[in-house]
Amino acid sequence: MATDTERCIFRAFGQDFILNKHFHLTGKIGRGSHSLICSSTYTESNEETHVAIRKIPNAFGNKLSCKRTLRELKLLRHLRGHPNIVWLFDTDIVFYPNGALNGVYLYEELMECDLSQIIRSEQRLEDAHFQSFIYQILCALKYIHSANVLHCDLKPKNLLVNSDCQLKICNFGLSCSYSENHKVNDGFIKGYITSIWYKAPEILLNYQECTKAVDIWSTGCILAELLGRKPMFEGKDYVDHLNHILQILGTPPEETLQEIASQKVYNYIFQFGNIPGRSFESILPGANPEALELLKKMLEFDPKKRITVEDALEHPYLSMWHDIDEEFSCQKTFRFEFEHIESMAELGNEVIKEVFDFRKVVRKHPISGDSPSSSLSLEDAIPQEVVQVHPSRKVLPSYSPEFSYVSQLPSLTTTQPYQNLMGISSNSFQGVN
C-alpha cells in the first residue's frame, strides 16, 4: 500500500486528525453519529482554499459501520459532479504504526452552513428562498433517482447551503437501491438511529416496497419546515410520529392502509375512528397557495399517489426556477453489489480498495506500489461548476456570515486562529500510513 512520507496531526473532538501535510485544520464543524467534521485550509493553492474534512473513526468497528462507510464513499464518487450534491475532493485511510485504524477521511467541499441553522435563525426568509431551496433539492433528487438510488435520509441537517443560496445534498451513508422491479430493492437501511421526523409513512409502517416517493415525502417535510420555521411532524418515536401524521393528514383511505400496513397497524389506526385531519392553510397561514398545493402533493399518505420528482419540478410554484438544462439525469446507474457482502474482512478490504481507487482518479499522479503518494492537486480536482455560480442561476438576497457555523464557532472570515479558540493542537507527524 502506498504511504505518505509526511503528515501532520491535529487534536479535535478528543481525536487525532492525521492529515496530508498540505492541510491545516482550522475549526470544528460538528459531530455526527458516524463521523467528525472539521474545516481546514489547503496551503498549496494560490488562493486561500477551505475544505471540509470528515473523519470516520470507527469505519471498521462493525458490519453496519463498514457498509455505511463503503456506501458513502462509492456513492459520492458515482454522483460526483452534480452542482447540488456535495463534492468529494479526495479520500484517505490512516493506520497507526501498530496497524490500528486511525480513521477513514473524506476531503469534501466546505459549505457555510446547513439548512437547519437557517431555519432556526432569526433571518427573514422570502418565498423565493423556499422555491430556490426546494428546486435545488429536486434537481439533485432527479439525478440521484435516475442512478437507481434513494437517499433515504433527507433532512435540513443533510442540506448544506452557502450565502449565495446554493444548496447541496450530503450524507449518503443510509442510501439504498431502487428498481422498478421492487423484488430487487434493498429497502430502508435498518440498524441506525436516525431522525424520524422526515420519514415517510410507508417506512414507519415497515412497508417492503421502498420507492422514490420516500424522498419526496422528506422534501415535503422540509418545505413545510421552511414555510413554518419549525418541523411539521415531531414524533418522539415511530408510534408517536405516526399519530402526528394522522392528526394533520387525517385517516388514510382503507384501501391504502390495507396495501402498506400490517394487520396490527391497520387495527391500531382504525381504533381511533375517522380522524378528519387539518388543512395546511390553517397550519401555515399566509403561505403561498401554490406552495401549499405542492406540499399537499408531496405529503400524500399513499406513496403511489405522491407527486413524482419530474412533476414536482414542473409545478407552478417552482416556475421561476424551472430550467430543463439544470434538471438532468445521471448517465449510469449505481450498483449496490457490496450490500450482500457479510465478511468483515472482505468489507474492510473493499473500503481500502475504494479509497485508493478514488485517489488514483483525483490525484495528479497515480498511486502505485510503495512509492510516496503525490501531493493533492485541488485545482485539478475542482470543476468550474463548483467554483462558479451557474450563469442561469437567479440572484437571491445573501445570508449573513453569522450562519457559517454553529453559534459558538467563528466564521470563515475571522482573522483569529481557530486552533487557539477551540483547543486544537498540531504537531508534525512523520511516517503514518
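Including glycine, each Cβ sits where the backbone N, Cα and C put it.
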Just to be sure I read the record right: Ile29, Gly30, Arg31, Gly32, Ser33, His34, Ser35, Leu36, Ile37 are listed as binding ATP in Swiss-Prot. Which of Lys55, Lys63 is listed for the same site?
Lys55
For the domain 'Protein kinase' (23-318), would you mind checking the mean pLDDT of the predicted model?
90
Considering all pairs of residues in Ile29, Gly30, Arg31, Gly32, Ser33, His34, Ser35, Leu36, Ile37, Lys55, annotated in the record as contacting ATP, what is the maximal C-alpha distance expressed in whole angstrom?
14
An 8 Å radius from the center of the Ile29, Gly30, Arg31, Gly32, Ser33, His34, Ser35, Leu36, Ile37, Lys55 Cβ atoms defines the neighbourhood of the ATP site; name the other residues of that chain inside it, in order.
Phe13, Arg54
When the number of other CB atoms within 10 A of each residue's CB is tallied over all shown chains, which of the binding-site residues Ser33, Ile37 has the maximum?
Ile37
For Ser35 (ATP binding site), what is the tally of other C-beta atoms lying within 10 angstroms of its C-beta?
23
In three-state DSSP terms, the structure that Asp153 (active site, proton acceptor) belongs to:
coil
Looking only at Ile29, Arg31, Asp153, which of these recorded positions has the biggest number of Cβ atoms within 10 Å around its Cβ?
Asp153
